[in-house]
Each structure stands twice: as C-alpha cells, then as structure tokens.
Amino acid sequence: MPSPMVDDAREIKEENPFESMMSRFDRAAQLLDLDPDLYAVMRVPNRELKVYIPVRMDSGRIQVFEGFRVQHNFARGPAKGGIRYAPDVTLDEVRALAAWMTWKCAVVNVPFGGAKGGIVCDPQQMSQGELERLTRRYTAELIDIIGPEKDVPAPDMNTNEQTMAWVMDTYSMHARHTVTAIVTGKPVELGGSAGRREATGRGLLFVINEAIKRFKMTPPQTRVVVQGAGNVGGTAARLLYEAGYKVVAISDIHGGIYNPNGLNIPDALEYLRQTRSFEDYPEAEQVTNQELLELDCDVLAPCATENQITSHNADRLKCKVLAEGANGPTTAAADSILHEKGVFVIPDILANAGGVTVSYFEWVQDRMGYFWREDVVNQRLQEVMVASFNDVCRYAERHKVDTRTAAYMLAIDRVAYDTRMRGFYA
Ligand SMILES: NC(=O)C1=CN([C@@H]2O[C@H](COP(=O)(O)OP(=O)(O)OC[C@H]3O[C@@H](n4cnc5c(N)ncnc54)[C@H](O)[C@@H]3O)[C@@H](O)[C@H]2O)C=CC1
Ligand SMILES: O=C(O)CCC(=O)C(=O)O
C-alpha cells in the first residue's frame, strides 16, 4: 500500500488543471519539435490580474471577493474566454482555462487568443442585487485590459446572459457609449447572437454525429450518458434527444437518473427546473455522479466540470466515445488509460468549441451591426465543427497520435506560426 502522504501528493498534482494542460502542451510541443524560443513564449500566460472586489451585501456589510482574469495569448487576435463564478475557483484553474481558450480558438481557427476570468463566490447563496454589484465592480477593475480589440469575456459556469448584460452596461458607462462587442453571450435583444445560448451543446452534437459514423452507428442505436444539466449538458442532452439519440442518463451536481431504455429529456429537464433536483424523478434509477460515469453506454459526455475522469476510474469507463463538453473533465494521467482501452476521445478543445465559435459570430455581427438568422448561425457552426473534427482526425492519422495530442499539436502549430510571423517575441 502506498503511504497516504505519497498518494495525496500524486492526487493533488493529477487534479491540478494547470498541470494537466501543461503536460499535454509539453508532449505536443516535443512531438512538433517546437523551437525553444517559441516554447518559452507560449508556455506562459501573457498577463495575470488578481483583484479584490468590495461588494455591499444585502445585510449592509461589505464583503471582499477575490477575482482573476488571465490573458494567456494574443498572437492570433484579442483574448477571448468566459467568466466563472464558483466557491472553489483558483488562479491555477483560471490559468488552465485561459490556455485551453488559446488552443480551442486555434483548433477551430477563429481569430482570437485565449483568456478566462473567475471570481471566488457562491452564486447560489447570493441575491441578484449582490451578483449585479459584484459583476459591475469586477468589470470596473478590468476596464483597462478588456475591450472589443483587447479581451472579450463571455459566460461560463454560473454566469449567463444577465451577467454579460451587466458587464456590457458597466463597460459602456465608462466608454460613454454602448459597446456591444465588449462581451459575447449577451441577450439577443442587446446585440447577442441567435443560437449562442445553445451553441456549445449544438457543437457537441455535431462532433458526436461525426464520431459515431466512425463506428457505423446511427443516433437511435447510440446510448448517451450526459454529466451536467446546465448550459452545455442540458442543451446537448435536449438536442441529442431531438436528433433521435437514446439519452440514458443525465445528472446535475447532486446526482443523476438512469433508464437503459432512454429518458424523456425535455420532461426530465422540466422536472429539474421545477424541483431543482433529479431526486425522485419517476421511471428512472437514481445514480451518483461517479456511478453515472461508469454506466454502459456508447457515448459519454462529461459536461460539468474538471477532473471527473482520472487515473482512479478511467479503466472502468464503458463508452466507445468520450465527448468532452466540459473543460478539462479528464486528467492527463487518465489519457494513456483511455488510449489503451481504445476509447475515441473528442477532446474538450474541439468538442466544446461551438460556444466560442458562435461567440466569434456574435462579435462579428456586433461590429457589423447586422444580425444573422438562427439557421444561418447554426449552418456556419456546423461547417466549422465538422471541418475542425476532420482536421483533428487527419492530423492524428498523419502523425500517428491520439486525437487529444493531435488537437494540441494542430493548435500549437497555428499559434506558433502566427507568433513567428509577427516576430513579437524576438
Ligand atoms: N457555457 C459555455 O458556453 C461553455 C462552457 N464550457 C464548459 O462546460 C462546463 C459546464 O459549463 P456550463 O454548462 O456553462 O455551466 P452551468 O453552470 O450552466 O452548468 C453546470 C452543470 O454542471 C453541474 N455540476 C457542477 N459541478 C458538478 C460536479 N462536481 N459534478 C457533477 N455535476 C456538476 C451543475 O449542477 C450544472 O448542471 C464547464 O467546464 C465550462 O467551462 C465550455 C465551453 C463553452
Ligand atoms: O464564448 C466564449 O467566448 C468562451 C466560452 C468559454 O468560456 C469556453 O469555451 O470555455
């Protein structure tokens, strides 16, 4: 038996998202034989900002929250990435998420770099007024480093269209005119794009459609398990259900439900909306999030948070396809286990890139002042997702590497090319 201390040390390292991101980056950089100077530039973030945000709570007292914005890379354009509100956000997590944005934007070839923001808070315990004051003050603290040509925030876990409307309004107050292109994921009525709300889940559907073709399967033959029922998981489950897939399980943070014959997803999501939990949902077995990941299925779509598939449970997965809707749901230590098992991985930086792709469309529409129909947005999203899926698969075949390594290599290659051409590291 390993001593608990040794085991704990390994666990802490394995579950640090920044370590997971860096170990994949290093492997891809090595396989690309990346120039050492470029490696030195690309392995670190461009800028990290830490802010302390005083907020007057409803009680009348001031509470000070810690917040971050990490701008990882600008080589391909303005930095881009969401803002996360959660009690356990750390700087290392935001660093990893910012880097993943750089690689993701490069995989789908949109002209952005990568950034991410986070505030350590528990939004479930805060009123709308407290959240609004927190968001406005955080935006004011970032005002010098964000902007349509600098860094364009978007929603992530526990933030939404309302949060983005507050960011846009605060930025616009400082600019003395309305600046819609400062954020994406806004309400459609305020310059948001049709289809952005569903874009990450829809993008996931498009790449799953491509992946099952490789197994000669059709949607009705394909059993899908979805972890998470928020913007990404809830939307993906609904769209997969509407496309004829058999969605056999879904969960939220408290646990999930399973029916091997398939769930009625719109009904289950409505139940969740009304009762705020899947508990006691009829005609389904209750499962924990750990049990859900190990269910017999064809496609497993972790769409909740990081570190769900680790060296401890990867060998117990039963899926053929792992479609990573969340950022970083799999630790680097689990990669080789999945590879040996022959699981076809659609890595996060490809699988969940539908969100930032439509965010790019939103930024373009805001700058044009001309808005596209939803079917046009969805059609263009499909083109990008299918082309990017094929790019990654071709790259994997040509270089004889797994799909995750291929996605990193493709992304790093593109960012390195632009960095070298600009010459700003010289
Ligand atoms: N919203 C977006 O457009 C994009 C989000 N992502 C990523 O997708 C993931 C989910 O984001 P959203 O759906 O936007 O967040 P959300 O806040 O709308 O939903 C998160 C869902 O995951 C569940 N959850 C949270 N912690 C959990 C845990 N420990 N175990 C099981 N379930 C848990 C929640 O109950 C909720 O159902 C995150 O990793 C995020 O970074 C990636 C690309 C774009
Ligand atoms: O839409 C965006 O700009 C970024 C969404 C996001 O945070 C992500 O893809 O992880």
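Placement of Cβ uses the backbone N, Cα and C atoms for every residue, glycine included.
Quantities reported herein were computed from a predicted structural model and do not represent experimental measurements.
Substrate binds Lys80, Lys104 as TrEMBL records it, and from the list Ser336, Ser359 the residue named for this site is Ser359. Cα proximity to Lys116 (active site, proton donor) (within 10 Å) is found for the following recorded positions from Lys80, Asp156, Asn231: Lys80, Asp156. Of the recorded residues, Lys104 (substrate binding site) and Thr200 (NAD(+) binding site) place their C-alpha atoms 12 Å from one another. Of the listed binding-site residues, namely Thr200, Asn231, Ser359, the sparsest Cβ surroundings within 10 Å are found at Asn231. Checking the binding-site residues (Lys80, Asn231, Ser359) against Asp156 (site 'Important for catalysis') with a 10 Å Cα-Cα cut-off leaves Asn231.
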